[in-house]
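S.K.: One structure is given below, represented as structure tokens, and several questions about it will come after.
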Amino acid sequence: MRGRGSRDTGTQSAAFASRPVRTTVDMQAQRAPLMEVKRNLELSTTLVKSSSRLPLPGSRLKRGPDQMEDGLEPAKKRTRGMGTVTKVDTSRPRGPPLSAVSTAAQKGPRKTGPRGCSAVGPVLRNQKPAPAAPAQKPGTSTAPAVAGKKPGKRPAWDLKGQLCDLHEELKQYREKTQTLDRENQGLREQLREVQEQATTLGTERNTLEEELASVRRRAEQSQQKLETLGARVLELEECLGTKERLVQELQTERLQLQEERSTLSTQLEEREREFQASEAALSSSRAEVLCLRQKTAAQVTLLAEQGDRLYGLEMERRRLHNQLQELKGNIRVFCRVRPVLEGESTPSPGFLVFPPGPAGPSDPPTRLCLSRSDDRRSTLTRAPAAATRHDFSFDRVFPPGSKQEEVFEEISMLVQSALDGYPVCIFAYGQTGSGKTFTMEGGPRGDPQLEGLIPRAMRHLFSVAQEMSGQGWTYSFVASYVEIYNETVRDLLATGTRKGQGGDCEIRRAGPGSEELTVTNARYVPVSCEKEVEALLHLAQQNRAVARTAQNERSSRSHSVFQLQISGEHAARGLQCGAPLNLVDLAGSERLDPGLTLGPGERDRLRETQAINSSLSTLGLVIMALSNKESHVPYRNSKLTYLLQNSLGGSAKMLMFVNISPLEENVSESLNSLRFASKVNQCVIGTAQANKK
């Protein structure tokens, strides 16, 4: 049996070695027989290890007290050799003989289970233990009857017969014991074979479990790899779709490029023909360029000569321009009559007459006739006295219909003198409401026809400076705007917290030994365009001191001085020039009414009027002193004359606008203004000198 089991085990091992790897379901199917074999082995081990109930050899059956008593009774003794031997039941189930088990194992049907499973397992599983024989009472015997007779019970005194029976029974028990030992030995060998087979099957099971775990790991790896490959396939499919679209786009682009190439090839051929023609033209042009270079060199030489000549002509122009201005007079007076405003009474005919010039009606007027009626009557006829006629002659008279542009044309030559390096000062003088501020600054913003002298002069200077840059001249402009109120200098360009701090402004020399004057704490703003000047004028209008007077609802109560410092340089010739342009809007000149009742507001107006008249009187005295060539000129008697002293002397050019009202009710103030202007017009302050370096 051991050899056959070994061969079966080898066959089964070879079968397992050559068997393909099965799934988990097959492995579970293989485990079921193995578990049954294990259970049968445990049952067999229990049967083998169960204790035998056979009597030990050489031992004697002990009797109890009841049996001893029965043996003492003579009536119950049996005759020796006539009774049956009592059989001891071991109550041990007997299994089938080993030969039957082996035969059943060999001839039993072979199951379709996994290979390597022996048939011993089913045999042991289906074998049932034999039912134990019922225990017999002591003294009874189960031995068969002798000679066909039913054996009787030996009497108690037949000890020898009983002993023989016991020996016979012991012999039978020994034979049974030997038989059981042989069967036990066979079962032990069979158990050993089954255990070896179980060990082999366990080893194979472990091997299969390891193979199964390996297969599972490989399956998981394959699944992961499959998922990775699936994702890669999707990615590649998406990439393939993108590549296909790109290929389609490239094919479309290729077709377009082919068309463009065809077009470019055609154009290239045309360009080659044009290039050949251009080369021929270039050869011709080179010859022309050579000729033109020679001509250019000649033109450069001529241009330099023309530049020198132009510079000489510019210097001659300046000299003649200045000579013309001197012939007109370094102090000139223009009279301007403002038009009648809406709501004012129209003057009577003949009140203001503008006689034509010497050349006739086409000649601009230079005279003004003002008629003044007298309330006195003749003592003889008691008739009204004739009107008094006052004639005045000036350098130019502007009637009420004159436009701002006409006024500026007359002073544009004077503004040009400032650019040439001559100090220039232009005044606007007259009573309150006569149009001084309108003449200097203009009307409402946004209407170019109403622009005053200041914005027009700045536009003219910027334009001429731009033209002069072509001749090598560069100009810079620095503007300031101050007012003199009650002999106090205020900065009209102050902003923020500096507003109203005009008292801190003082007139000082620019430096030790310098004749140039400057105003401390005042803003000096570089300007280069008209918009910057407009912004400064708008700011000054907001800061200027105004008040209500008897002549005007909103009257300027201070002298405003717009100063523009002009600096020019010709770097190529090393020339420099500089001069100030002063545009002054004087405060209204009015006489005080002796019978005026003074209230709190009238006292302020009184002080303002006194300061204004004092400064205007000083201005007249300064002009007279300059005209008379006096050694002392009272510049310091007024802040106005002290600030303008460099523009009032013999090296300066001065022009005064006398503005008068067309109303008859203002005839007294108009006559006073005209008389003052006539005195100024009669003054001569000498020849002006340009400030050149």
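Each residue, glycine too, has its Cβ placed from N, Cα and C.
Since this is a predicted model, take the numbers as computed values, not measurements.
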S.K.: Examine the ranges 1-24, 241-264, 361-384, 433-456 and name the one recorded by Swiss-Prot as region 'Disordered'.
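M.R.: The range carrying the region 'Disordered' annotation in Swiss-Prot is 1-24.
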S.K.: DSSP secondary structure for Q431 (ATP binding site), reduced to helix/strand/coil, please.
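M.R.: Coil, per DSSP.
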S.K.: Hey, which of the binding-site residues G430, G433, G435 is the loneliest by Cβ count within 10 Å?
M.R.: G435
S.K.: If H, G and I count as helix, E and B as strand, and all else as coil, what does DSSP give for K436 (ATP binding site)?
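M.R.: Looking at the DSSP assignment, K436 (ATP binding site) belongs to a helix.
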S.K.: Check the binding-site residues Q431, T432, S434, T437 for other C-beta atoms within 10 angstroms of each C-beta and report the one with the most.
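M.R.: Of the binding-site residues Q431, T432, S434, T437, the most buried by Cβ count within 10 Å is S434.
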